[in-house]
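Colleague: This is the structure I have questions about; it appears just below.
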Amino acid sequence: MQSLRCVSWLAGLLCLLFSTPVFAASAAPLDLTSSLVGFVCIAIFVVAYVLVMGEEKLHMRKSKPVLVAAGLIWILIGWVYISRDIPDVTEAAFRHNLLEFAELMLFLLVAMTYINALEERRLFDALRAWMIRKGFSYQNLFWITGFLSFFISPIADNLTTALLMCAVVMKVAEGDKRFINLCCVNIVIAANAGGAFSPFGDITTLMVWQAGLVRIDEFLVLFFPALVNYLIPAAVMSFFVEKRQPSAVYEDVELKRGALRILTLFLLTVATAVLCHSLLHLPPVLGMMMGLGYLQFFGYFLRMTLPGSLARKRAMAEREGDQEKLKRLGGVVPFDVFSRVSRAEWDTLLFFYGIVMCVGGLGFLGYLGLMSDLLYEGWNPTSANILLGVISAVIDNIPVMFAVLAMQPEMSHGHWLLITLTAGVGGSLLSIGSAAGVALMGQARGYYTFFGHLKWAPVIFIGYIASIAVHLWLNADLFHIYD
């Protein structure tokens, strides 16, 4: 009896939700922005995102709340439309958003697999060991890790780059909290800035490229604005770096077999994706998935030739009496592509799914249209894009960029590049504003903190504004100023 009362209560609640006059039967999407179900969906998304922002405190993966929120939002939407006997409209909208996610997810999965393969082959360890052996001063280390972050992130993505450079700093300056915090702030700014002028540097730039709004070569016009965004705060912070030499640490790292060839295959994969998109007008994910095939064939080659390679190396080590090398050879395991796939950042990919589906659902309800009218018609696009860059420091740049793409505002090419820049570098204003910042707070826990980053926010903001000014000046013709 109690369960029947619960069912009756739930049915009554659903009737209340779906009985407002706005739900008139129509083949077109309904405007639900003023309905109770619309407000409930907004509340669900807000609660989910508050939980995401509290990831560090709650020790809860950020994908969990948005996955549940996405399900609840689309279930509510589905109930609305099926009550009006037009379920096909909801199904088509859901499949459209799912397809957008699937293309981006597969693209990112291949990129992450290659990065994990290069990490397993010890390419990044070798780079770190080289920097450590050189015995650079703190000043040199500050600038080298910053510039390497800026130039590696367009290829290896800003998150991977930041983690690599932070590992170098933590190894060399072990225990020096002040210097580690300064370097981590510098690395986050540099990695985010470097990722802004490449479709492979950040998820947001990849989204813009996949949407066909910016060609791959056109991202390069953001190079100088991004460089300014990095250099201004770096120059100021460098005055606070002590001019002394850390103790030299020797670390010998030997590249595993095939490391450089996998790097070559990664570059070939990127080239394949670019050619598919630019010459054949096919989604870039086709080229990336083909590139995963390159890696699988090479993995097969490595496994088939492993016994012969080990025999040659073992014979050489025995002739030289190198017991350490013989010990290492005894622990060699075959290269496995699928183990690299399994090590992809699945929490990030699932978080991305949740965000895409949540924002897609809110857009289907009509809220993105309202936001577009408020931002891009109530304001001019330049002001709107600058504001959205600042907002991305608080609520992450992925939902911000996806919302803008879903709004499809009428903007010049220069304005699309502007939102690409601001969403990419705006996250540097706070440590929680980018994946790189959040990751380093975990990797350098106790050294790099929210407030340690926050005290540099004013000078970072100056770099943010300066980069926008440089873009508006250098790329003025893209804004149709002289039309």
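For all residues, glycine too, the Cβ spot is worked out from N, Cα and C.
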Colleague: Tell me which of 185-205, 416-436 corresponds to the transmembrane segment entry in Swiss-Prot.
Modeller: 416-436
Colleague: Should anything in the same chain at least six residues away from the transmembrane segment (260-280) have a Cβ under 8 Å from its Cβ atoms, list it; otherwise answer none.
Modeller: 107, 110, 114, 117-118, 121, 123, 155, 200, 209, 215-216, 286-288, 290-292, 294-295, 298
Colleague: May I ask which of the stretches 34-54, 136-156, 221-241, 282-302, 386-406 has the most CB pairs under 8 A with the transmembrane segment (63-83)?
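Modeller: It is 34-54 that shares the most Cβ pairs under 8 Å with the transmembrane segment (63-83).
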Colleague: Which residues of the chain, 6 or more past the ends of the transmembrane segment (136-156), have a CB below 8 A from one of its CBs?
Modeller: 115, 162, 164-165, 168-169, 172-173, 179, 182-183, 186-187, 189-195, 197-198, 200-202, 226-227, 230, 234, 237-238, 241-246, 270
Colleague: Pairs of Cβ atoms less than 8 Å apart decide it: which stretch in 34-54, 98-118, 282-302, 349-369, 386-406 has the most with the transmembrane segment (416-436)?
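Modeller: Maximum Cβ contact count belongs to 386-406.
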Colleague: For the transmembrane segment (282-302), find every same-chain residue at least 6 residues outside the stretch whose CB is under 8 Å from a CB in it, and list them.
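Modeller: Cβ under 8 Å, 6 or more out: 103-104, 106-107, 110-111, 113-114, 117, 199, 209-210, 257-258, 261-262, 265-266, 268-276, 334-337, 340.
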